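If you check TrEMBL, you get these features:
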REGION    1-32  region 'Disordered'
COMPBIAS  10-32  compositional bias 'Polar residues'
TRANSMEM  40-60  transmembrane segment
DOMAIN    41-173  domain 'EamA'
TRANSMEM  72-93  transmembrane segment
TRANSMEM  105-123  transmembrane segment
TRANSMEM  156-172  transmembrane segment
TRANSMEM  192-215  transmembrane segment
DOMAIN    196-323  domain 'EamA'
TRANSMEM  227-246  transmembrane segment
TRANSMEM  258-276  transmembrane segment
TRANSMEM  312-330  transmembrane segment
Amino acid sequence: MSHSREEESTVVSIPNSSSNETTPLITKQQQQQHNRKRELLGLLYMTLSALGFSTMSLFVKLSGSSFPSFEIVFARSIVQAVLGLLICIVLKIDPLGNKNIRGWLFLRGFAGTVGLSLFYFSITQLPLADATVVFFLGPSFTAILAAIVLGEAFTLFDGICSVACLAGVVLVSKPQFLFGGDDKESKDVSEWARLFAIFCALLGAVMSAIAYVTVRKIGKGAHFMVHVVYFGAISSAFSLVGMFAFQKPVAPHGMSEYNMLLLVGITAFIGQCFLNQGLQMAPAGPGTLMRMNDVVFAFIFGIFILHEYPDIYSISGAVIIVLMTSAMGIHKVYSHSKQK
């Protein structure tokens with residue numbers, strides 16, 4: 001969720017006869033260097049954001065052996081809501097936002113909540129890299145929804161990339177009716193559980209796309225911290241109900257488990273802050289590529305920490321999804337730049 005800032009005020013200088021020709025040139029070079037440094041810093045923030053969210057996913061995976069997914073969502077949401085409110089107080093921002101857009105803010109928070117809950121569930125059931133890759137189909141669904149709701153262009157190129165992404169999901173999920181496998185009942189149960197978790201990750205990607213399109217609809221009408229507060233508050237209420245209605249809550253045993261839940265919230269909040277700042281500073285095309293570092297970190301964490309070793313199908317599917325979603329993002333940036 002990006003929040004655009006006001007342009008810096010233009011400095012008007014009085015021409016000097018001795019430096020009339022050189023001063024503008026030096027100023028332009030200095031401005032270009034400043035912009036370049038700002039863009040590089042933005043890309044660094046986007047990478048740190050990816051690291052923050054991937055670390056969050058790692059803690060979700062580690063917590064999943066002790067806590068149900070709704071309880072993990074609740075822990076993250078409480079931390080996010082509290083930190084968001086504190087920052088709103090410090091910055092003197094109304095956490096409720098403008099009256100005219102509160103309905104949209106609620107929809108954004110609700111869609112994000114459902115998407116996050118489904119994603120967390122899929123993380124607890126699937127290898128970390130597989131769940132992350134499938135969830136990153138979000139940009140494809142965003143392009144489709146933006147065309148329907150916001151009237152943005154959805155080209156043939158976007159359609160080809162989206163179909164290729166679905167092929168990538170098939171490679172990651174590896175359904176037995178296509179790839180074969182053991183037909184024993186115990187294996188069938190495991191197969192259906194895996195496919196259900198893949199479906200949850202897919203549905204989570206759809207809900208995240210709805211949340212993103214809603215943010216686009218709101219535009220500059222709300223500070224990004226207002227989005228954070230709504231998301232945290234709605235997630236807290238939703239996950240609290242889900243925790244008791246659909247799962248059995250588990251009390252943490254010892255400080256290590258409390259710390260694990262706390263780290264889920266803190267790393268998610270850090271990732272979100274770096275993402276918002278990075279979106280303001282980084283060029284959109286390279287910024288899209290930096291966001292894909294989530295997948296890279298997920299594979300690294302999965303292999304070296306969780307000892308989850310992907311097969312050739314998962315790797316191939318991940319490469320297809322990352323390349324196609326990146327191509328869609330860069331193509332849209334290029335198309336918009338040509339229209340200007």
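Heads up, the Cβ atoms here are built off N, Cα and C, so glycines get one too.
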For the domain 'EamA' (41-173), jot down how many residues DSSP puts in helix, in strand and in coil.
112 helix, 0 strand, 21 coil
DSSP on the domain 'EamA' (196-323): how many residues come out helix, how many strand, how many coil?
108 helix, 0 strand, 20 coil
